[in-house]
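Residues or ranges marked as domain 'DUF1206' in TrEMBL: 23-89, 105-177, 199-268. What TrEMBL lists as transmembrane segment is 25-43, 64-85, 152-173, 201-222, 242-263.
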Amino acid sequence: MSSSTSHSTTDQAPAWVVPAMRAGYAARGVTYLILGTLACLAARSGAQAKGTSDAFAALRGEPWGLAMLWALAVGLMAFAVWRVIDGYMDLEEEGSGAKGLIARAGQIVTGLLHAGLGLTAARVALGLGGSSGGQGGDKAQSLTSWLITKPYGPQIVIAIGAITCAAGIYYFYKAWSEKYRSDLRASPVVEKLEPMIKAGLVAHGIVILMIGGFLIFAGLTANPEQAGAIGKAFETVRSQPYGQILLALLGLGLVAFGLFCWIEAIYRFVPRRVKPGTQSLATRINAKTARKAAERAAASADPRTT
């Protein structure tokens, strides 16, 4: 969208929201770059693909790994704060209608999930967590196990799985509709990277959709062992025919998603903190499309071209 509309001082978002957002997207990008790279390496070597906790544990053993873990913990918590404040204050102007409230609720849930990732990074940095020796889904299984024992627990697990699947489908829609263009400042560089952005969104959507499917199946069978996180998604992909190739492609897609998060860290803007005259990528591309259409119409109407 074009962001030339200015807001009153009282209507603007707090100034600290923007650096929190940028730090958060940067940390999120690093996380997915690590996960995607490890998935590609696992596809090549035949080793077990690592989930988030195991990926953080692998990072801890590298030079500067401990410092990186603390930076990720802080950055992911910043992303969590940004998303929760975003949803609560409606910083992206989703509105108070049913559709807007659902979008804002999704922003808050996303924030809470990334708060969990930030805490996981901090625990690994402190030596309190890490390699689960499994598919990175032990926490998902333990939480599902606890929830299933509660009244209407299986139904709640199914509902959470359905919401998660809907979130995964939304990433497909975001890639197909090119909705992300409205959130980014106009840039020729970003415009050239759009194929990578779309591949990253699709890959992330696949992972989220699979995690939601695991939860639905766990609720239907009342078996928490069916639940799992990104590590289980990786292993499920690799167990399919041509699984190593599929896992490598999924890993590359998550690397692309991580790079897209870095693009967001640099080019994303908050509508209620935007500077007057800021042009979105959507506005730039729409203007180019309209200009080319006008040029074609003028050329076809010119008798000298016939």
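Each Cβ is built from the backbone N, Cα and C atoms, and glycine gets one as well.
Whatever TrEMBL says is automated annotation, not expert-curated.
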For the transmembrane segment (152-173), sequence-distant contacts whose Cβ falls under 8 Å of one of its Cβ atoms, 6 or more beyond its ends: 106, 109, 144, 179, 201-202, 204-220, 222, 227
Three-state composition of the domain 'DUF1206' (23-89), taking helix and strand from DSSP: 57 helix, 0 strand, 10 coil
Contacting positions for the transmembrane segment (64-85) when only residues 6+ beyond its ends and CB under 8 Å are counted: 13-14, 17, 20-21, 23-28, 30-31, 56, 91, 107-108, 110-112, 114-115, 117-119, 121-122, 124-125
Intrachain neighbours beyond the transmembrane segment (25-43), with Cβ under 8 angstroms and 6 or more residues off its ends: 49-50, 52, 55, 58-59, 68, 71-72, 74-76, 78-79, 114, 117, 203-204, 230, 234, 238, 244-245, 247-248, 250-262, 264-265, 268
Mean predicted confidence [pLDDT] for the domain 'DUF1206' (105-177): 83
